Structure formats: C-alpha cells, structure tokens
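Engineer: After the structure tokens below, expect a handful of questions from me.
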C-alpha cells in the first residue's frame, strides 16, 4: 500500500471518472488519485440522506476498524475525508470483480477442486487475521469476495462485521445473506466467530457446485432450509470435498471445524499450494470494475427484480474492516444483471443490539471536518447499460444442467424402458440405445446410440443404419466405427444432445442410489450405504425395514411390511434412532477408507461385520433336520417382508419347541417338484406349495407366491438381498422386467415332468453368489 500521505485528502485531488454503482445512500465512482496516479474507488456517502437514520454510529465504527486493517486477503481502505455534503471513502479497486460474477460470466462453470482450494486458503487466511483481532465478519459470501488484477481474493463488505471484546463473546442480531447465514443467526440464538465458518462452508459448496446449498426462490424458504440444515452434496465431488463441506456445515456451531483445521484438512493438503490461474477476458472499465469497487454501507430493505433472494442487514453497530465491499450489491446496483447471476439485493433487519454511544472524532482520524452522521435508505439506482456483459449473462444459462457423470465401481447392468435401453458395460461406459417403433418392420428398432465414457467427459453419438435402425438385441450393441460417428466432450456437446446426457446421468444416479458402497452388520440390522452417499437402507433381523433417501425421506416398515406413517410412535422412534447411529457409523467407515485409498487402489465396496448368530438348542430341532437347517437359525431374515426359500415359512425366531417344530415341518414339505432350464432366462423351479421361482443367469431370483402362502412377489438380488412385494404393490422396473419372462416360464413348467427325487435341494432355492454371477445385469433397483 502507498503511504497515507500519497492519497489526497480532498475530492479536488482526485480525477473522478465514471459511476460504478449507486445505492441507498451512496455512490461509488472510479477515480484516479492526482498525487499517486493510482486508480481507486471512491464511495461518496450523502449526509443529507442519512440524517436522522440513527445509523451513524455503525458507519463510524466500521470506518474506524476498517482503517486499521491491513492484510493481503482483506480489501483496503486507504483513507477517508468529508466536506459539507459527503463523506468520502477511498478504497482499493479490485479489477476482476466479485467472485460470484466472475464464476458465472467469465468461467461459465463451477471452480475445480484445486481452484476452490486456492480461493478457500486465501479466505481462511483473511478470516484468521480478522478473528485474531476478534472481528466477526458475519457476511462471507461469493458476492463479498473480490478478485484483484492478479487474481488474489479480497474479503470485502464489512457492513455487518462487529468487533468482539473477547473471542467467546456472543451476539443475538439476525443479519447476513440468506444463502450464507448460519442456523444460529436465523434462529436468533447467540452466535460468535463460528458463524463465519458456516458461511465459509456455503461458499465452498457454491464454488464447487455453482449454486448455494440452500438456494430457493424466496427468502423465507431459504431460511427454513438453513434452520433444518437441509442440503445435499452432489456425489461427483471428491470425498475430501464432501467431508470438508460437512464439517463446516454442522448445525451445532461447536461441532464445526476450526479455521486452522481447514488449512490442514486433506482437501487442502491434496490441492497443495496451487494458485488461481484462470484465463479471463479482463474486466471492462465500466461494468467490470464496478463489481470490485463497491462498498456495503447500510440499507434497510431493497428487493431486486429477479427473485426474493435478499440480503439481511442488521442495524447493529458495525465494528469491522474494509469498507470496500461491493456497492453494486448492497445498493441495488445492476439489478437487471443480478437476476441472471447471483440475485442478492439488500435486505436489512433492525437489530435489538445497542450501539456504543462513543463517536469517532474525524479530526482524530486525520481529517479536518465535522463528524459524519451517515447511513440511510434510498431508491436503488438505474442499471448502467452493459450490452456485452448482458449477452454473456444470457449465454451463461446455456449449459448442461448436470455435472459430468461417473460410473466408478458401478457393476455392469442393462435396463429397458419404453423409449430406450440403458446400460453400463464392463469398461464403465454408459450406453443409451433409443428405440422407435418402425411400422414397416412391425417392431421396435434402435435408431440412435449415445455412448458416454465412465468419467462422463467423452460422448459418442451414432445412428446405426440411418432410416432403418438396428433390431433390439439381448446385449448392448457394439461400437461401430464409422464416419457418421460424432465425437464430443462434455464442454462442447451440442445443445440438441443435452437431453441424452441428462437422461444418462439420471440413470447413473439411480444405479448409484441402489448400489451398496458400505455394507455394515449391526447388532440389530444389516445396513447399506449406497454409492451416492445419501441413500441408506436398514434391514432389521426382526423383519422391520427402514429406507432413507433425499427424494422420499425416511420410510419405516414394521415386521409385517406395513409402513409406519406415524414416525413419532415408540416403535418407529426406536428404529429411526438405531438407523441414525448406523448411518453415521457407515459414513465414518466410508470416510476412513477414503483416506486410506491410494491411486487406483479402492477399498469399496466393503462389508463390515457379520450377521449375529442366534443359538438354538438341539432339543428344539426335529430329528432329520438338525444338520440341514442350521443356517436358518444363524441367518435371520434381513429384509422386511422377504422370504428365505430354503426354509420358506421361517421368518423370525420364536420361543417354544412346538412352534419351531411345526414351522420346520411345513418348510420340509415345500420342496422342488419341477425344474427346467429356460434358454436366455435361467432356471425355473416349481415348489410343492405352488411357489414358482426363476433364477436368472445373473444370479437374481424372482419368486411368485400363491395366495395360500401369503401372496406377493419376492425379489432376491444377486448379492443375496431379498425384498418382498405384496399383491397390488408398485414394483420396481427391474422386477417388472424380470416378471415379463414369467408367462413363458409358467407355460414350460406345465409341460415339464415331475422331479423323480423329492430330496430337499437347498442350493436350487438360493440366489447365486455375487462372485459366481455373470458380470451383467446387477443393477439394484
């Protein structure tokens, strides 16, 4: 920074250029200091507008603290002075504008993890400096982070910051930006320095995802989501990124990671000492630099034209640094542009806190003018025309609405819908074969094929035999190298193919939501944490079941398969409480193993623990079955409503030798009477109780149970997990696809001869193990 004396102390010592922003009570201009010939930003606060507002103490406090701050990551206030009409703040000019606008207009994409780590490191350094002086910023957001000409991040807008007398001092004022405000602030609870850590977590999420974690169309709904900590981390982020976001966005402020720990987190260590080095077209002299040079000030309420995404502003005393915040935001600047990128208007709520009555002596601060009384509310200024930027904003909306897909660890599978056949093949490629009915050929044909690499970056569009298409085959069509193939990457995929990519990404997301990443056997249940890290399934040994997903929330089923709609009941509470413990434990297991992974050596999928063994006295086992039925006692039922067809009537352990004996005798009678191989399908078996069971070539099993035996359908996946579906229940598409073979199977079973030997065959009744099953069609839907 240039010495203090190099800056003029009257407005006549500056060459005031064009307007950068205009807001509630101040205007910001680009200017050139005639002494130093340095470009600066001048914020001119109109004294007439702030008279009687009662906010003068805030600004005096803000300026007093800001003028004492000096750090590379904090926007600099060079000097200030006043005359009869205005208070002037001479501020550092950040040439590349606010970070959020830079991401949307210049990069047109979220930041990479390495880029985000570089930004985060600078922000954390700045906050460590502020917190070391007991200064709480309270409004860290993407719009309050500015980029200098050399791409260094500057913390700006200290309009809500406050000076704490000690690090553990607490405040009660509700203030901040809704998308970044912490739960304790929204709830009007006491809050301190950890409130800034929550904002840092929201900032990191926004850097990596491109939108804030709690973003909605209305302020109130956003605040509701904040209070509930209702957010979802996309699965495409690395484990380290997800873990750091999770540690920053802890609802309990005492559980949040500290700033020092952020710098030592694996996410930061992995990124190393990287710096921001993105290419840019440079900020324009008018519009671009205004993003950098705005200052916050204090306003009451001003909504922009786009969304009800506002800024919460407290009337509490501001005791903090850098008054070089972005004026365009808080003054309603560039309202028409903000609606396209990061709608943040100014919205302030009066505070219950009182201000220190001590006033700052402007002359004591090196100024020869009377004390300033400033801050008020005024009309937002009209936007400055910027056609080039406006065009860039329009273009920014044109991008694929999903991040690059990733099929890492997903098993090959093939799945058919009405309009397409979706597959994940052995090399991880996603293949979408689009189907169209050809009336001339009287059949459906494959008319378009989209192949996407496992990392989602390469896309091949192919039209086989144009005009005719290909017949539908049992296996995914091979790649045809021809001049008609169109090869693209994720960044240059034409918009006409975006729907294909989104279709594939949703399919991969569905597969992830049904593919276990961590299988954990607790004392009460078998647990599956799915690959997307959000879907969770609990199959209690008692027969109860619990599922958890972002789309459907928590569903609880009792031992009879009936959904418990009242989750406040004692039974539901018990199941939910145990599931929460297991979910947290599975996440911890996953986190630990992620850290242990090196390169391509993956630890997943992983199974932890084993099913508890239930001892049964020999006297309770009927003669002749003691050696063949031990497994029935050691393996309780794992899924709600599932049926173990090796001993089909045993669903749970009960006391009493008579009851157990009768169950086992009934099971002994349910033996195979017919069996045959169906080409292209698998092995079909009819049991003596009327159950028809089809074991498919992928190891999965479909069992159709007659009404006399309880009715319904049981689907056993190739990994041994079974699910029972009652009659008239909605069936997953994978089950319906397998059931489509049933008429053919039943017809052949009618003609099949009876098995001559009635010997109980346990192997025929169980699904093949995953190890021996073929590689295809293992999707768990």
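From the backbone N, Cα and C atoms, a Cβ is placed for every residue, glycine too.
The structure displayed is predicted, hence computed values, not measured ones.
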Engineer: Among 463-486, 487-510, 511-534, 535-558, where does Swiss-Prot put the label region 'Disordered'?
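Structural biologist: That would be 463-486, per the region 'Disordered' entry in Swiss-Prot.
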Engineer: Counting CB pairs under 8 Å, which listed stretch among 397-514, 515-618, 672-751 touches the domain 'Protein kinase' (14-268) the most?
Structural biologist: 515-618
Engineer: For a three-state summary based on DSSP, what are the helix, strand and coil counts in the domain 'Cryptic POLO box 1 (CPB1)' (397-514)?
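Structural biologist: Summed by class, the stretch gives 19 helix, 39 strand, 60 coil.
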Engineer: Quick one: mean pLDDT on the domain 'Cryptic POLO box 1 (CPB1)' (397-514)?
Structural biologist: 85
Engineer: Within 10 Å of the Cβ of residue 22 (ATP binding site), how many other Cβ atoms are there?
Structural biologist: 25
Engineer: Name the secondary structure element type, per DSSP in three states, that contains residue 28 (ATP binding site).
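Structural biologist: Note: residue 28 (ATP binding site) is in a strand by DSSP.
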Engineer: Rounded to the nearest Å, what's the C-alpha distance separating residue 20 (ATP binding site) and residue 139 (active site, proton acceptor)? Just drop the number here, would you?
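Structural biologist: Residue 139 (active site, proton acceptor) has its Cα 22 Å from the Cα of residue 20 (ATP binding site).
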Engineer: Determine how many residues of the domain 'POLO box' (672-751) DSSP places in helix, in strand and in coil.
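Structural biologist: Once the DSSP states are binned, the domain 'POLO box' (672-751) shows 20 helix, 30 strand, 30 coil.
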Engineer: Going by DSSP assignments with H, G and I as helix and E and B as strand, what are the residue counts for the domain 'Cryptic POLO box 2 (CPB2)' (515-618)?
Structural biologist: 28 helix, 33 strand, 43 coil
